[in-house]
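Annotated in Swiss-Prot:
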COMPBIAS  108-155  compositional bias 'Basic and acidic residues'
COMPBIAS  289-324  compositional bias 'Basic and acidic residues'
COMPBIAS  325-335  compositional bias 'Gly residues'
COMPBIAS  336-354  compositional bias 'Basic and acidic residues'
COMPBIAS  372-389  compositional bias 'Acidic residues'
COMPBIAS  390-399  compositional bias 'Basic and acidic residues'
MOD_RES   THR158  phosphothreonine
MOD_RES   SER341  phosphoserine
MOD_RES   SER353  phosphoserine
MOD_RES   SER356  phosphoserine
MOD_RES   THR375  phosphothreonine
REGION    108-167  region 'Disordered'
REGION    289-399  region 'Disordered'
TOPO_DOM  1-196  topological domain 'Cytoplasmic'
TOPO_DOM  218-234  topological domain 'Lumenal'
TOPO_DOM  256-399  topological domain 'Cytoplasmic'
TRANSMEM  197-217  transmembrane segment
TRANSMEM  235-255  transmembrane segment
Amino acid sequence: MAERRRHKKRIQEVGEPSKEEKAVAKYLRFNCPTKSTNMMGHRVDYFIASKAVDCLLDSKWAKAKKGEEALFTTRESVVDYCNRLLKKQFFHRALKVMKMKYDKDIKKEKDKGKAESGKEEDKKSKKENIKDEKTKKEKEKKKDGEKEDSKKEETPGTPKKKETKKKFKLEPHDDQVFLDGNEVYVWIYDPVHFKTFVMGLILVIAVIAATLFPLWPAEMRVGVYYLSVGAGCFVASILLLAVARCILFLIIWLITGGRHHFWFLPNLTADVGFIDSFRPLYTHEYKGPKADLKKDEKSETKKQQKSDSEEKSDSEKKEDEEGKVGPGNHGTEGLGGERHSDTDSDRREDDRSQHSSGNGNDFEMITKEELEQQTDGDCEEEEEEENDGETPKSSHEKS
């Protein structure tokens, strides 16, 4: 009895909240980020004090109107106002308490760990026997492993392990004061949102209209009848599609011996939106034996090796042809150099012939040099004959 009297006295001292306080509390309730958890066996919503202060500083009450001062100017003013709301029981302060594991749970986990360790040892012994059998196949798989590594680099990385969040529960705090920080406050004020009010009103009107269906005009009743028939046909078509896609999958699976998995409209029965349930149109997966894949890869590698060998043979033939042409050029150049090493003009011709051989005009320059060599040789023979003719004349004159 004494506690009830004290509670009534507190309510009388605090008084009822004003319209402004209700408006601020309603704005804070629907705009401040909240989270839900369990407290004393009930589901409650809670918020953090610092986020509530930031929310009110961004509200319309933090801006000054004409002839009036702003309600919230600093963080301290917001804290004082929130203390008023706390006293009027819009929310109350709570304390976070981390959930501790009981001894029974710890024992169960230990027993599970022992059982799992025994299973792991059995698995390890089996794996060792399997590894001995697979040593022969490792050499063949090295080449395939390099290809798989290249594919893995292209694919996105493996998803990281989810961090386990620590579980906690809320308990009422002894000191009911609003403090700016990471303190937790649980909502008591729970007004009806405008959207929920509108949705409920529409639902009530729809129920009343459905009960008055016999009083509707004939045209409206016929229209509703056709709409209901169309909706029923649409639902029936979706059900038929779901059955047909399963039948198609089974037919293809049986014909191909389980190698080809073809799904028409794979997301039709998935938990997605209406439009996404029709995307993609189909999916196809090949789940055949690995031997076929290895044969295909070996055939591809052989084809690549053959093509590489053919290219190498073609390149070697070209180099041999160039090598045959090269020595002939050098030989002709050597003869020309020995015959005409004394004259500057012959040296210039040799340089030109070397430059032309680099440009790929070897055969043309060879013919020109041969002609020039022949003409030079004829000129030298004529000069030698003239010199021989002059020597006897000079001997006669001396005599």
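Cβ from N, Cα, C; glycine included.
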Residue distribution over DSSP helix, strand and coil in the topological domain 'Lumenal' (218-234): 17 helix, 0 strand, 0 coil
Segment-level pLDDT (mean, integer) for the topological domain 'Cytoplasmic' (1-196): 77
